[in-house]
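Working notes, structure below.
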Amino acid sequence: MTFLIDKMYNILPPELWIKIVDYSGEINLLLVDTNFFELFNLVDAKIDVIEYIVRNNLTDILKYIVVLKTLKHPIINKNFVPTKSLNKLLIDNCEKRRLDIIQYLINIGADINSKKNRAVRLASERGYLEIVKYLVSQGADVRANKDYAVVWASRNGHLEVVKYLVSLGANIKVDDNFAVRWASRNGYIDVVKYLTSQDANIRADNNYAVRLASENGHIDVVKYLVSLGADIRADNNYAIRHASRGGHIEVVEYLVSLGANVKSCNDCAVKFASKNGHLGVVKYLASQGADVRSENDYAFRMASENGHLEVVVYLVRQGVNVRADNNYAVRMASENGYLEIVKFLVSQGANIRSKNDYAIQKASKNGHLEVVEHLVNQGANFKSDYDCAIKLASENGHLEVVKYLVSQDADIRVNNDYAIRWASRNGHIEVVKYLVSQGADIRADNDYAVRMASENGHLEVVKYLVNLGANVKAQNNYAVGWASRNGHIGVVKYLVSQGADVRSGNNCAAIMGF
């Protein structure tokens with residue numbers, strides 16, 4: 001093969017090969033043989049050659065470049081080895097864990113200290129010990145950027161990297177003992193133990209380590225920190241409050257056994273646990289004296305709002321008021337589409353019509369058809385507040401809810417045909433078509449529907465309305481003016497084809513160049 005390449009090289013004179021490469025921009029040819037490679041001195045390469053070589057994993061060529069650099073070959077003076085590119089490639093290959101490429105890049109001039117020693121920091125952060133050691137051997141500063149390397153190696157649980165960096169003098173106590181705080185937060189017990197053996201302060205930042213280890217459920221770390229004197233009641237019993245929030249029952253039980261106050265911060269622990277659906281924690285806290293009814297039955301209300309049926313049932317059995325805060329629970333369960341909770345609350349006496357039938361209005365707004373149907377069956381007034389339910393369902397594009405409400409005699413034309421005007425404004429073509437089939441007036445409010453559909457770029461709606469007789473020139477050619485202002489060129493062109501005047505009114509279309 002080498003013979004054939006050499007023969008090919010000799011077919012044409014070098015100056016012709018140079019023209020071929022310059023014209024085509026194709027550098028592959030220059031990478032097949034040393035004869036061709038020499039032409040780099042003469043061609044005007046339009047791409048980053050080193051990046052190309054690294055991206056295509058052409059390690060043999062990198063080796064060859066290293067040899068040329070050692071020999072001080074004239075080609076090395078050619079600017080196809082830009083330092084900026086080398087530095088970027090060095091960092092990229094630290095991330096990819098390519099030690100072989102890293103070595104070649106450094107040998108041909110990459111600066112390991114570029115970007116505040118980003119290479120060694122990144123290798124430490126990722127736990128690539130062999131790369132960290134090599135970079136250090138080449139002069140990397142492991143303490144750059146406030147000991148970033150050891151901090152992030154600790155944060156990510158890379159014990160061997162941490163030990164190595166400490167052996168080189170890295171400061172584990174920098175930034176108020178960030179290393180042990182975040183190793184604790186992330187549950188890396190071996191790193192935590194090592195850092196404390198090196199005199200890290202576990203009580204830094206108001207006992208951050210034990211607080212965050214508790215919050216994230218790392219029971220082994222919590223126990224270890226407590227054995228060293230960490231204060232579990234710091235920051236108003238943060239540890240138990242947030243362990244409860246995360247549903248970490250084992251941590252919660254352990255903290256209570258050590259005297260954590262389950263009622264701190266107005267019974268935040270049980271409120272958080274209820275809000276997030278952690279039934280086991282809720283039951284345990286209640287057994288330890290937590291008040292499930294604090295703050296106007298907050299725990300029950302949040303459990304209902306967030307769809308945690310088992311918690312809701314349990315709290316109701318503990319005597320909470322299902323109608324607290326003007327029936328907040330059933331209103332928010334309806335708004336968020338939690339049908340089973342709605343049914344249960346109704347069975348317990350919740351008033352679905354509170355706050356002017358808020359429940360059915362918001363269920364309609366969010367498209368929760370089954371909830372809407374159930375509420376109607378329970379006597380909700382879907383016509384309250386000027387048929388707000390169907391207006392909101394139409395505005396938000398919930399066709400099946402719209403159809404159901406119409407079947408129950410909702411008025412689609414209320415409020416000057418609000419439903420079709422806002423369905424058009426928001427581009428809900430299927431709702432628009434259905435409302436038209438039910439007798440909605442597309443020209444209501446001075447052709448509001450086509451004007452707003454145009455303004456918001458809903459071409460399909462615009463075409464449909466125009467086909468039904470909507471006036472594209474209404475209100476001094478509002479439609480084309482605002483479609484232009486908002487950059488909806490497809491709508492603009494269509495409106496112009498239908499006779500819209502681009503020079504009327506404030507000349508928006510003309511200003512935009514149409």
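Glycine too: its Cβ is placed from the backbone N, Cα and C atoms.
The repeat 'ANK 1' feature in Swiss-Prot is assigned to 45-74. The repeat 'ANK 2' feature in Swiss-Prot is assigned to 84-114. Sequence annotations record features per position, and here Swiss-Prot assigns repeat 'ANK 4' to 146-174. Summarising the annotation, Swiss-Prot assigns repeat 'ANK 7' to 236-264. What Swiss-Prot lists as repeat 'ANK 8' is 266-294. What Swiss-Prot lists as repeat 'ANK 9' is 295-324. The repeat 'ANK 10' annotation in Swiss-Prot covers 325-354. Per Swiss-Prot, repeat 'ANK 11' is recorded for 356-384. Residues annotated as repeat 'ANK 12' in Swiss-Prot: 385-414. The feature repeat 'ANK 13' is assigned by Swiss-Prot to 415-444. Annotation comment: Swiss-Prot describes 446-474 as repeat 'ANK 14'. What Swiss-Prot lists as repeat 'ANK 15' is 476-504.
The DSSP breakdown of the repeat 'ANK 13' (415-444), given as helix, strand and coil counts, is 21 helix, 0 strand, 9 coil. Confidence annotation: the repeat 'ANK 4' (146-174) carries a mean pLDDT of 98 in the model.
For the repeat 'ANK 11' (356-384), the list of distant contacts is 327, 330-331, 334-339, 342-343, 346, 390, 392-393, 395-398, 400-401, 404-405, 408-411: same-chain residues at least six beyond its ends, Cβ to Cβ under 8 Å. For the repeat 'ANK 10' (325-354), the list of distant contacts is 296-297, 300-301, 304-307, 309, 312-313, 316, 360, 362-363, 365-366, 368, 370-371, 374-375, 378-381: same-chain residues at least six beyond its ends, Cβ to Cβ under 8 Å.
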